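Peer 1: Can you keep this structure in mind? I'll have questions shortly.
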Amino acid sequence: MADDFGFFSSSESGAPEAAEEDPAAAFLAQQESEIAGIENDEGFGAPAGSQGGLAQPGPASGASEDMGATVNGDVFQEANGPADGYAAIAQADRLTQEPESIRKWREEQRKRLQELDAASKVMEQEWREKAKKDLEEWNQRQSEQVEKNKINNRIADKAFYQQPDADIIGYVASEEAFVKESKEETPGTEWEKVAQLCDFNPKSSKQCKDVSRLRSVLMSLKQTPLSR
């Protein structure tokens, strides 16, 4: 082996004293020179090219790795789809969640509205009771006032009819006659009583409606009542 080292070293250096050099250093130098020759020698271009060609699929393998990463990414995303969906929902909930101040304000507003509703119901009941009481009092006062008016009207009528000029005016006679006739129930005199309440004096006034036909009908009924 020493001779081999010496041969290689002698072939490299071409000096006879190269056999005395360190064999390890000579071996390392030989290996480095061979490696340099392999890299720079044109005779080995094709293998280098073939090696480069073998190394060429590197980007393809990288692309396949990228594709695999993409596929794996899709698979990973699909596998973690529910988790990502839950995360998105949670994020949306956080975004749509009301702030604490608004939540407190809304709660206070709700309590305030409930208190107002309760107070309004109590007030409505009080107003109903008060209105019912006022209506009863008004009905009572109205009834008392009606009775007082009746009594006062009777007194006024009695005093009026006792006047000395009452007969001249004709109120008493007409009143008594009307009352007397109204109490009498004689068959066939109904239209006569109706005719007594009507004014058959013709009046030529533009503001009054023409009731001549009605007047003539009443007169005919008074003269010839309807036969039953």
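Placed from the backbone N, Cα and C atoms, the Cβ positions cover glycine too.
Feature annotation from Swiss-Prot assigns compositional bias 'Low complexity' to 1-17. Swiss-Prot lists CYS198-CYS208 with the feature disulfide bond. What Swiss-Prot lists as blocked amino end (Met) is MET1. Among the features that Swiss-Prot reports, phosphoserine is placed at SER11, SER13, SER216. According to Swiss-Prot, the feature phosphothreonine maps to THR186, an assignment based on similarity to another entry. Feature annotation from Swiss-Prot assigns N6-acetyllysine to LYS203; the stated evidence is similarity to another entry. Under the heading region 'Disordered', Swiss-Prot lists 1-80. The region 'Involved in binding clathrin heavy chain' annotation in Swiss-Prot covers 92-154.
So where do these features actually land, and what's packed around them?
Peer 2: Non-local contacts of CYS198 (disulfide bond) by the CB criterion (under 8 A, 6+ apart in sequence, same chain) comprise ARG215, LEU218.
Long-range Cβ contacts of SER216 (phosphoserine) within its own chain (separation 6+, distance under 8 Å) are none.
With DSSP states grouped into helix (H, G, I), strand (E, B) and coil, the region 'Involved in binding clathrin heavy chain' (92-154) comes out at 60 helix, 0 strand, 3 coil.
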